[in-house]
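Colleague: My questions all concern the structure below.
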Amino acid sequence: MSKLRVAVIGAGGRIGSEAVRAVEAADDMELVAALGRGDKLETLTEAGAQVAVELTHPDSVMENLEFCVRNGIHGVVGTTGWTEERLARLNSWLEASPDTGVLIAPNFSIGAVLTMTFARQAARFFESAEVVELHHPNKADAPSGTATRTAQLIAAARREAGCPPQPDATTTALEGARGADVDGVPVHAVRLRGLLAHQEVLFGDTGETLTIRHDSLHHSCFMPGILLGARRVVATPGLTFGLEHFLDLG
Ligand SMILES: NC(=O)C1=CN([C@@H]2O[C@H](COP(=O)(O)OP(=O)(O)OC[C@H]3O[C@@H](n4cnc5c(N)ncnc54)[C@H](OP(=O)(O)O)[C@@H]3O)[C@@H](O)[C@H]2O)C=CC1
Ligand SMILES: O=C(O)C1=N[C@H](C(=O)O)C[C@H](O)C1
């Protein structure tokens, strides 16, 4: 059986360098290109890449994906910074290239995907919900893509269940003291040397709280999700948002 021809964009980065090693080690894949900043995107077509794993920066991801989709190269995207406007642009490129698939995964680790799933399940049972994400201080953006997605999922589940807005009578003397408001869910971002990627989802109601915590301790935790994404995206045209769509979560 022929091997899947995979390229990594952002190959010199924290997660990109780990992805290069993971693709090289996968029996069913061949690493055909490893691009860093300044490398020509045409390398991807010259190398015959079928899938590009995009792990760069929110400022770079759109140009890279536009090239990939226009050239029929499937995308597995971990880079953050997704807005409705960006997703609409990506969808317009995909409409013009209907056989091409792109997976955007706010988080490739199974623990983080389960955290989002559990948070969505719990959301309608508690009056209050807050998200705290904690990362290394070199992270590109805040709040994290995972925290934003978690808050959006909580808010959507609460809306669907007809829950009222959560109570908060606080008067803030200092802007930012209550975190960022993501669809009515406060999201707090901690940046601390020594950390990698962590998240707590806090739920509260009368007389009880529930805390869901996930810790990524090494970039290796993202690799099974990236490899699964590469295997599945080639047969999944259009946009898939979230690795959970490629997992059987029961
Ligand atoms: N979805 C997930 O599970 C995960 C997502 N991420 C996300 O992935 C992204 C990268 O994170 P991280 O590895 O920590 O960041 P790093 O800064 O360590 O790595 C990014 C790399 O991409 C390079 N780069 C930037 N622009 C381009 C470009 N146009 N073409 C090629 N290479 C480019 C950078 O080069 P230079 O150093 O020269 O700028 C750098 O080597 C972030 O958005 C992060 O949030 C991270 C971990 C998990
Ligand atoms: O930059 C990181 O490190 C991470 N970024 C992603 C995010 O913003 O959610 C995934 C994970 O948290 C690690």
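Just so it is clear, glycine is given a Cβ too, placed from its N, Cα and C backbone atoms.
TrEMBL labels come from automatic prediction, so no person has curated them.
The domain 'Dihydrodipicolinate reductase N-terminal' annotation in TrEMBL covers 5-108. Summarising the annotation, TrEMBL assigns NAD(+) binding site to G10, A11, G12, G13, R14, I15, G78, T79, T80, A105, P106, N107, F108. According to TrEMBL, the feature domain 'Dihydrodipicolinate reductase C-terminal' maps to 111-247. Annotation comment: TrEMBL describes H135 as active site, proton donor/acceptor. Taken from TrEMBL, the feature (S)-2,3,4,5-tetrahydrodipicolinate binding site covers H136, G145, T146. As annotated by TrEMBL, active site, proton donor applies to K139.
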Colleague: With DSSP, how much of the domain 'Dihydrodipicolinate reductase N-terminal' (5-108) is helix, how much strand and how much coil, in residues?
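Modeller: Its residues fall into 39 helix, 24 strand, 41 coil.
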Colleague: Grab the NAD(+) binding residues from the record (G10, A11, G12, G13, R14, I15, G78, T79, T80, A105, P106, N107, F108) and give me their largest CA-CA distance in Å.
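Modeller: The NAD(+)-binding residues span at most 20 Å between Cα atoms.
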Colleague: Near T146 ((S)-2,3,4,5-tetrahydrodipicolinate binding site) in space, meaning Cα within 10 angstroms, which of the binding-site residues do we find among G12, R14, T80, P106?
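Modeller: Qualifying among G12, R14, T80, P106: T80, P106.
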Colleague: Centre the Cβ atoms of H136, G145, T146, go out 8 Å, and tell me which other residues of that chain have a Cβ in range of the (S)-2,3,4,5-tetrahydrodipicolinate site.
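Modeller: Other same-chain residues near the (S)-2,3,4,5-tetrahydrodipicolinate site: T80, P106, N107, E133, H135, K139, S144, A147, A197, Q199.
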Colleague: Go through the binding-site residues G10, G12, F108 and pull out the ones with a Cβ less than 6 angstroms from some atom of ligand 2.
Modeller: none
Colleague: Using DSSP, how many residues in the domain 'Dihydrodipicolinate reductase C-terminal' (111-247) fall into helix, strand and coil?
Modeller: 50 helix, 40 strand, 47 coil
Colleague: Going by Cα-Cα distance, which of the recorded positions (H135, H136, K139, G145) sits nearest to P106 (NAD(+) binding site)?
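Modeller: So, of the listed recorded positions, the one sitting closest to P106 (NAD(+) binding site) is G145.
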Colleague: Going by C-alpha distance, which of the binding-site residues G12, R14, G78 is nearest to K139 (active site, proton donor)?
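Modeller: Answer for the nearest of the binding-site residues: R14.
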Colleague: Quick one, of the binding-site residues G12, G145, which Cβ has the fewest other Cβ within 10 Å?
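Modeller: Counting other Cβ atoms within 10 Å of each of the binding-site residues G12, G145, the minimum falls on G12.
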Colleague: Among the recorded positions G12, R14, G78, T80, F108, H135, which ones place their C-alpha within 10 angstroms of the C-alpha of G145 ((S)-2,3,4,5-tetrahydrodipicolinate binding site)?
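Modeller: Those close enough are G78, T80.
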Colleague: Of G10, G12, R14, G78, H135, H136, the recorded positions listed, which put a C-beta under 6 Å from ligand 1? Please answer none if none do.
Modeller: G10, G12, R14, G78
Colleague: Is it possible to get the count of other C-beta atoms within 10 angstroms of the C-beta of T80 (NAD(+) binding site)?
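Modeller: Result for T80 (NAD(+) binding site): 21 neighbouring Cβ atoms inside 10 Å.
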Colleague: Show which residues of the chain containing the residue listed as 'active site, proton donor/acceptor', separated from it by at least 6 in sequence, have their CB under 8 Å from its CB.
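Modeller: The residue listed as 'active site, proton donor/acceptor' has long-range Cβ partners A142, S144, A189, V190, R191, L192, L195, L196, A197, H198.
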Colleague: What is the Cβ neighbour count of T146 ((S)-2,3,4,5-tetrahydrodipicolinate binding site) at a 10 Å cut-off, with all protein chains included?
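Modeller: Looking across every protein chain shown, the total is 25.
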